[in-house]
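For reference, the structure is listed below as structure tokens.
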Amino acid sequence: MNIDTRQINLKQEASRAAMNFITPYILENNNFLIGVGTGSTVDFFIDELSCFSCSIAGAVASSDRTKSKLSSCGIKVIELNSIDHLPFYVDGADEIDESFCMIKGGGGALTREKIVSSVADKFICIVDESKLVNRLGSFPLPIEVIPMAVNSISRRLTLLGGKVVLRDGFITDNGNVIIDVHNLYIQDQLSLEKEINNFPGVVTNGLFAINRADILILAADEGVQLIHRY
Ligand code: 5RP
């Protein structure tokens, strides 16, 4: 099996495990709502969720891509402003560490992912084993930025030790741009998330430490593990 097929299989297994975990909650609640992230792993999860399209009241999407996929699977898309909270938010990650802090935003949906996950009781992160790391930062940290602030923010990020690359030709669902920061030494995830968020013009950065995952579903060749944050 080549590496791509293996990784795809693991993503599918993680998604299936998330669905198995959530199914009892769907069956005991006639008004079940769920928050849905963005990415290839989440696309598999939406395929699983589509089997329950008649049993769930709806889903809140974290991107236009997820909105379209949910609709095409017959799942009603609900606007975040029409609800108070969600029991679960399910999403992938680009990296996750042992304290369940993550780097997200490889797909550029970080801002809406952060917003939707912030109203969920439980953030379930579904990943294949390649995403589990000892220290965050090998994956470049995505930062959504108001276009006029690209240079001023880039200068600040360079002072933090990062190598800054503007994501070529990419515009977010919110009409902004993404800066990917390479080579950052991330020691204190929480402080760095707050520090970068305070740079004028930053919409969101892809560190998810303030609102980290509660449950990790990790698919590896040896099997799938569901781990609750301690
Ligand atoms: C999108 C994200 C995704 O969760 C992350 O990029 C992982 O994607 P994939 O499941 O395709 O590996 O943060 O903004």
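Every residue, even glycine, has its Cβ placed from backbone N, Cα and C.
TrEMBL: automatically predicted annotations, no manual curation.
Of the residues K67, K69, K131, TrEMBL places K131 in the same substrate site as T38, G39, S40, T41, D91, G92, A93, D94, K104, G105, G106, G107.
Shown in sequence order, G37, V42 are the same-chain residues outside T38, G39, S40, T41, D91, G92, A93, D94, K104, G105, G106, G107, K131 whose Cβ sits within 8 Å of the Cβ centre of the substrate site. A helical conformation is recorded for S40 (substrate binding site) in the three-state DSSP classification.
Taking each of the binding-site residues T38, S40 in turn and counting other Cβ atoms within 10 Å of its Cβ gives the largest count for T38.
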